[in-house]
Amino acid sequence: MRLDRFTSKFQIAISDAQSLALGRDHQYIEPVHLMVALLDQNGSPIRPLLTILNVDVTHLRSKLSEMLDRLPKVSGIGGDVQLSSAMGAMFNLCDKIAQKRQDAYISSEIFLLAAIEDRGPLGQLFKELGLTEQKVSQAIEQIRGGQKVNDQNAEELRQALEKFTIDLTERAEQGKLDPVIGRDDEIRRTIQVLQRRTKNNPVIIGEPGVGKTAIVEGLAQRIINNEVPEGLRGRRVLSLDMGALVAGAKYRGEFEERLKSVLNELSKEEGNIILFIDELHTMVGAGKGEGSMDAGNMLKPALARGELHCVGATTLDEYRQYIEKDPALERRFQKVLVDEPTVEDTIAILRGLKERYELHHHVEITDPAIVAAASLSHRYVSDRQLPDKAIDLIDEAASSIRMQIDSKPEALDKLERKIIQLKIEQQALSNEHDEASEKRLRSLNEELNEKEREFAELEEIWNAEKAALSGTQHIKAALEQARMDMEFARRAGDLSRMSELQYGRIPELEKQLDLATQAEMQEMTLLKNKVTDNEIAEVLSKQTGIPVSKMLEAEKEKLLRMEEVLHKRVIGQKEAVEVVANAIRRSRAGLSDPNKPIGSFLFLGPTGVGKTELCKTLANFMFDSEDAMVRIDMSEFMEKHSVARLVGAPPGYVGYEEGGYLTEAVRRKPYSVILLDEVEKAHPDVFNILLQVLDDGRLTDGQGRTVDFRNTVVIMTSNLGSSRIQENFAMLDYQGIKEQVMEVVTKHFRPEFLNRVDETVVFHPLSQDHIKSIAAIQLNRLANRMEEHGYQLEVSDKALELIAQVGFDPVYGARPLKRAIQQSIENPLAKSILAGSVLPDKKIQLIVNNDQIVAHQ
């Protein structure tokens, strides 16, 4: 008999039966081998068929194993197995039954029907189990749904809805869906479209993270609770699993067959099913090959006739890119636009979800934490949408607290490591017998005993606190289950069970929870089980790098003494340092304008007076690293076309995918100092781009993304008017010099640019005393570099004064000083070190001899 007369599943089962016979040293493939192979096969229709017939599959499997054990074994046959005569007869009978049923192919369930008619041991076993030809035929009709077997893959396409969809109404019944708060208008509009006679297919469109899928889940929950119009009551909402539909479709036409079987089953349900297609744009082009039809085109006829009640969900960009390009598909859907919820709506949504997250993480989420998550994420996370970004903050903050409870607290962990370290030292000293070692051992033993006692006390506290925290978790879980049971009872109309739960079990559990929570309220030493606004702020700071957590006393003190810290590196520029320090303090105190950068400054002054140095010092103060500064040399942007490098090339140009130099840097580090050095050398068009940054704290890059500059300090430096400063420094005060410089600046920059800068600061030329202070800083850095190599450097006052005189130049500022230090100190020292005339252990003194600085050791 030809194997290609069997369905593909049946062919695989025959191969499995052959392997089974071979493995058990049987010479012939008997019907029992094939029956075992069909039972064990993944996705075979035999198991569901036997379940319909109320047959205990486990009992049947053990009986078949006994039959296999009784078959004769033959050794040394070289792996040659053949079909037995009983098997051949069974196949002939299968062929006969298939022809009677007008099937083009022989499917697996036909073998079960043939086995019942068989007079062999397999037929006898089925008769004992009470199976008759009539019963099996009825069950086969039920599984097939009135379909003939006209395709080799017919078995795979059966029960397509169970295989390729997820039942959202069933999940809602089981309480597996999160509650949907608000969104009443959108759900009502969706129901309104579903009630139409034709084109009753809403497509929910919105930005990622605004809650499109949640609207469909809300619809499923309303259907379960009978809170929908009469026309939608009793409907099922099924979510199409595109992954399952495409996975394993190896040959052309297989994907289309699967989709067609889903559509056929949906049409049989006669409008009782609402099909939800998440990421609707994936249907356009899915399964598209040369000469084949894609999924979108296969859906069109069913959508137009109103046979298929479909709800789609996709983002605005993907709707424009895929759906709008196909007007025939677009007109079959009705748009339901979903906007981002407000901060107030988000707080309501988070309050509704709070219990689910508390139950999952076994921690308590306070109301200030919910308010902080909504407001802080709205202000500081600009590239994502509410409520998704706020839920993420709550989830991660709760996760971090749970992690601290489950793992050892930091204090306990440090103490344990210290004890291990002391024990290693104790072991090493116990082998030594000199007086010093014995003395050290005695003090070590005392220290070790003290640490172990401290560790034992802390561990006891930790275990007690852990036990106290876990007490409420069981009560919360039981309370959640009781509420779910009450909901089931309400739907089933079981009033006695409902009242028993509502007035007995639930109030009792709530009372227990109150008592347990009060016990937990006692002050914890090591652990905490509450998510507060502090934890939310910490998580946000880690995600974005923006410091939004409450300031510790040390940080407040540091900010109040900010000028003092900056003056240690920036000498003689009092006004500039004050202006910058005030801007940072305003920002950290929360008083700065939330729609503008923290501060925008234009630093003017001659070369070498500390304009760039102040930016570096500020970055170091704020981030403990000068690398946190985004430095852009504006002399690179002298040509008109180079402006595109800041925000990224426009579409169609090379480098479009790479993004802009400025925008990408700020997207990666939203909290940073941006230094636009030598700004007057840039092309005038660059300033048109900066207007938006300085005014609204935002900039749109080449790919249309909005980049947030509200947490940056923008500093621009320029040498404009430096000649006026040099000429009038001795004669005019600071205000007079500033007016002189601004005359030059207003001729170069446009008024709308200068008007948007917060402060224009004029830097003073440096005096002899300033240069001396800078020389001390520079020589201190040199001493630190030498210390790394084991040399100690000491500078005499006379040497310091001499180097300040040599390096002083009122025109070029502090830069000549660097050159003077290199020539007079660093070069001779390098020669001395290489020659070996100075030694690492002894102190090197820089002294003046005959107006020359010499190294003396």
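Each residue's number is its place along the chain shown, starting with 1.
Here the Cβ of each residue, glycine as well, is placed from N, Cα and C on the backbone.
What Swiss-Prot says about this one:
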- 3-146: domain 'Clp R' (DOMAIN)
- 6-71: region 'Repeat 1' (REGION)
- 83-146: region 'Repeat 2' (REGION)
- Gly206, Glu207, Pro208, Gly209, Val210, Gly211, Lys212, Thr213: ATP 1 binding site (BINDING)
- 555-765: region 'NBD2' (REGION)
- Gly605, Pro606, Thr607, Gly608, Val609, Gly610, Lys611, Thr612: ATP 2 binding site (BINDING)
- 766-857: region 'C-terminal' (REGION)
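Sequence features annotated in Swiss-Prot and their locations in the structure.
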residue : record             : contacts (Cβ under 8 Å, 6+ apart)
Gly206  : ATP 1 binding site : Lys212, Thr315, Leu316, Leu337, Val338, Asp339, Glu340
Glu207  : ATP 1 binding site : Thr315, Leu316, Glu340, Gln385
Pro208  : ATP 1 binding site : Thr315, Arg384, Gln385, Asp388
Val210  : ATP 1 binding site : Val338, Asp339, Glu340, Pro341, Gln385, Leu386, Pro387, Asp388
Gly211  : ATP 1 binding site : Val180, Arg183, Val338, Pro341, Ile349, Pro387, Asp388
Thr607  : ATP 2 binding site : Asn719, Ser722, Tyr812, Gly813, Arg815
Val609  : ATP 2 binding site : Gly572, Gln573, Phe763, His764, Pro765, Leu766, Gly813, Ala814
Gly610  : ATP 2 binding site : Val570, Ile571, Gly572, Gln573, Ala576, Phe763, Leu766, Gly813, Ala814
Thr612  : ATP 2 binding site : Leu675, Asp677, Thr717
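For the binding-site residues Gly209, Gly605, Pro606, Gly608, the ranking by surrounding Cβ atoms (within 10 Å, all protein chains) places Gly605 first. Shown are the binding-site residues Lys212, Lys611; the one with the most C-beta atoms within 10 angstroms of its own C-beta is Lys611.
Non-local neighbourhood of Thr213 (ATP 1 binding site): Asp278, Ala313, each in the same chain, at least six residues away, with C-beta under 8 Å from its C-beta. Within the model, the region 'C-terminal' (766-857) carries an average pLDDT of 79.
You'll find the Cα of Lys611 (ATP 2 binding site) roughly 44 Å from the Cα of Gly209 (ATP 1 binding site).
Apart from Gly206, Glu207, Pro208, Gly209, Val210, Gly211, Lys212, Thr213, the residues listed for ATP 1, the same chain places the Cβ atoms of Thr315, Val338, Gln385, Asp388 within 8 Å of the centroid of those Cβ atoms.
A distance of 49 Å separates the Cα atom of Gly209 (ATP 1 binding site) from that of Gly605 (ATP 2 binding site).
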